[in-house]
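According to TrEMBL, the protein carries these features:
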ACT_SITE  143  active site, proton donor
ACT_SITE  214  active site, proton acceptor
BINDING   196, 451, 495  (S)-malate binding site
BINDING   286, 287, 310  divalent metal cation binding site
DOMAIN    120-301  domain 'Malic enzyme N-terminal'
DOMAIN    311-564  domain 'Malic enzyme NAD-binding'
């Protein structure tokens, strides 16, 4: 052993000093609990070891502390790096410039994704700095739509495991498996069983790309420490025949477990997580099939801090877009009629949150406000005559109306002002449907939310062209600006990444123990408030992603404030300025100076 250093406790005083001079009245231990050593000022020296290290060779292979050519001359002497690096000394900014140049040389998005994942595995701070500084360009690479292709090919491109794979083989030993993870202070877990990955279906264990991608955004966009984030895949098999016959498939080669066997495994997982990480760990369910997603959220919402991004996150970001779009389309929220194509977890989740917001604004019972919202599924309009045959989560939307078979017929019959697609089926908003919406409304609001891009209900160009440039449009996946009759339209992106990073930060920094629907409404209103006049002039109903950290801090503050108001926050005292407290808690990926 060449040198032995003290553990992280040596850095505790730095964390305590980090809050000095702040204008909020929060004790420094609160900042430390949320931020760990990252709360230390950047210009203060830290010791880059958690326990001990044998040589600089080890240091360069630890992604949390590796800086590559950015190690200074003094650091190379102090940490036995002489000769292990070329003599040039770089800066983080120059490293960023080189990497962006290299990424732009790749013509295939999956190659860029793999390059980013390689960077994350060797230099964590540089990965997050690159992502934060180029978020609009790189977000489609590390998440939708490219992550969908990455999941489909995950077995072929698999190099180094990220996160925990918990399969049926670990039944009865899940707590033991959690203890294998090296980090003890986990604040957010994103978990999937891979059954409904984006609009791509059952990808089994290869769905791990989704939790990994989501948690990268929790850090880059919401400022949660990467060490406090844990991606998990629950592998109960797959019904995807292609994967079962793929020699490179990385998961269990069996049909999906269902019923009691499935429920028992999830129960063991949820119990083990709470025992290992405590009451305040946020568990985000991701890309579960409808029948499991609703049941899990309902079952655990009263006993755990749980959040389903497909149901609740999507609902919050879409509600925000609708609220901000009112400045373009006119009227108040209760004045509008909503028609959905798609009645799964996304569609019904959005519908319920819109109904709840209308109820809050008008003091009308939610049973009444739901009547402004109609849903079309694969069998047509959901109406009262179908109530006994539809799944339980669709029943609240079975209103009185004669049966209607197609979306076009529903548009003509109901005359909606807002058309929302969450079907997962591409090109379902046809030319005739968009033209009909445009004939009924001066400015129809068209939201084509399905991911990835190939599954979008229509393209931005189609929406603007078929509506003669009158549509207010946003989509789930990104589309380029569209020129129509000399005017440039910039389509918005109703991306969950606007909501969940700030939402999670708000829960963590307040020490929330449960998620309440009012927190989702607060997040929606906070995001809508970030849309400025210059954005509306371009037809945007969402703010630019370039400002996402400021957006996330404001969302976190509103969510935390609601947690305190509802008596669901456990971190005391209440910070005086929640926005500044949120900013102070955010992970900063700039290089640190090592002793």
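A Cβ is built for glycine as well, from the same backbone N, Cα and C atoms used for every other residue.
In TrEMBL, annotation is done automatically, which means it is predicted and not curated.
Across the fold, the C-alpha of residue 451 ((S)-malate binding site) and the C-alpha of residue 286 (divalent metal cation binding site) stand 14 Å from each other. Neighbour counts of Cβ atoms within 10 Å were compared for the binding-site residues 287, 310, and the top value is held by 287. For the recorded positions 196, 214, the ranking by surrounding Cβ atoms (within 10 Å, all protein chains) places 214 first. Candidates 143, 286, 310, 495 (recorded positions) were compared with residue 214 (active site, proton acceptor); those inside 10 Å Cα-Cα are 143, 286. Across the structure, residue 287 (divalent metal cation binding site) and residue 143 (active site, proton donor) place their CA atoms 14 angstrom apart. In the shown protein chains, 26 other C-beta atoms lie within 10 A of the C-beta of residue 495 ((S)-malate binding site).
Taking only the Cα positions, the spacing between residue 310 (divalent metal cation binding site) and residue 495 ((S)-malate binding site) is 11 angstrom.
Reported as a whole number, the C-alpha separation between residue 286 (divalent metal cation binding site) and the residue listed as 'active site, proton donor' equals 13 Å.
You'll find the Cα of residue 196 ((S)-malate binding site) roughly 16 Å from the Cα of the residue listed as 'active site, proton donor'. If you measure from the Cα atom of the residue listed as 'active site, proton donor' to that of residue 495 ((S)-malate binding site), you get 10 Å. Mean per-residue pLDDT, taken over the domain 'Malic enzyme N-terminal' (120-301), amounts to 95. Largest CA to CA distance in the (S)-malate binding set (196, 451, 495): 18 Å, whole number.
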